[in-house]
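Here is the structure we will look at, set down as structure tokens.
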Amino acid sequence: MPTLGVNIDHVATIRQARRTVEPDPIAAAVLAELGGADGITVHLREDRRHIQERDVRLLRQTVRTHLNLEMAATAEMVAIALELKPDYITLVPERREEITTEGGLDVNGQPERLQTVIDTLQQAGIPVSLFIDAEAKQIETAARLGAKFIELHTGRYAEAGSPQAQQRELETLAQGCARAIDLGVRVNAGHGLTYWNVRPVALLPGMEELNIGHTIVSRAVLVGMERAVREMKQAIQGTF
């Protein structure tokens, strides 16, 4: 079964709604790990709408599993990553007007720029993952650029309007996963996964890690972070 990376961005979203000090994402990360999280994921956005640079610095010192930093491929973010050296980086697309990340990174449209960023980070010992749609050309370009991982965007699967549409999207994810593995690229997945739709994605051959945030934080508001994480681990394993 794939491991679970818990995205704690929306703990910071609640905090930033009042520009106060609580809830504390660092405390949430500790509780998530106590609940069985295999990793902690945060997205340091250029507009700092939720996670702040201070959060990432503190998480780097306190996370005991591994820290996955999601970021845009900008000079500012590369400099921060080189200083803090998270366990790995996931490069994601970013638009200020979006509520959350919408769609995968277009690696075909910017190979030279991404090559520079990937080389810079990986030469510093930080493995790079690319958050992309499960499209053959995107996956092949990601492999050619030397990314160690891809993270397949599962939003279309999660938002499918019927069981038939969801099954088609699952098949697309399966094909993408298989193609990446054939090319020697390791595979993670995430976006829109919930307690009720995660199991089929978890069963895809070769899937290594699922990065899940909003549904866990939403449940944690009601039942607590440790229990919410334990129950997601159960959902991944098919025992929820």
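Using N, Cα and C of the backbone, Cβ positions are placed for all residues, glycine too.
What Swiss-Prot lists as active site, proton acceptor is HIS43 (among others). Secondary structure at HIS43 (active site, proton acceptor), as computed by DSSP, is strand.
DSSP assigns GLU70 (active site, proton acceptor) to a strand in the three-state reduction. What Swiss-Prot records for GLU70 (among others) is active site, proton acceptor, and it gives sequence analysis as the kind of evidence.
Classification of HIS191 (active site, proton donor) by DSSP places it in coil, neither helical nor stranded. When Cβ atoms from all protein chains are considered, those within 10 Å of HIS191 (active site, proton donor) total 25, not counting its own. Annotated active site, proton donor per Swiss-Prot: HIS191, in sequence order, evidence recorded as sequence analysis.
Summarising the annotation, Swiss-Prot assigns 3-amino-2-oxopropyl phosphate binding site to ASN7, ARG18, GLY192, GLY213, HIS214. Note on ARG18 (3-amino-2-oxopropyl phosphate binding site): other Cβ atoms within 10 Å of its Cβ, all shown chains, come to 8.
Annotated 1-deoxy-D-xylulose 5-phosphate binding site per Swiss-Prot: ASP9, HIS10, ARG45, HIS50, THR100, in sequence order. Less than 8 angstroms from the CB of HIS50 (1-deoxy-D-xylulose 5-phosphate binding site) sit ASP9, HIS10, ALA12, THR13, ARG15, GLN16, HIS43, each of them six or more residues away in the same chain.
Annotation note: GLU151 (site 'Transition state stabilizer') sits in a strand segment as assigned by DSSP. As annotated by Swiss-Prot, site 'Transition state stabilizer' applies to GLU151.
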Most Cβ neighbours inside 10 Å, all chains, among the recorded positions HIS10, HIS43: HIS43
Cα distance (Å, whole number) from GLU70 (active site, proton acceptor) to GLY213 (3-amino-2-oxopropyl phosphate binding site): 13
3-amino-2-oxopropyl phosphate binding residues ASN7, ARG18, GLY192, GLY213, HIS214: largest Cα-Cα distance, in Å and rounded to whole number: 25
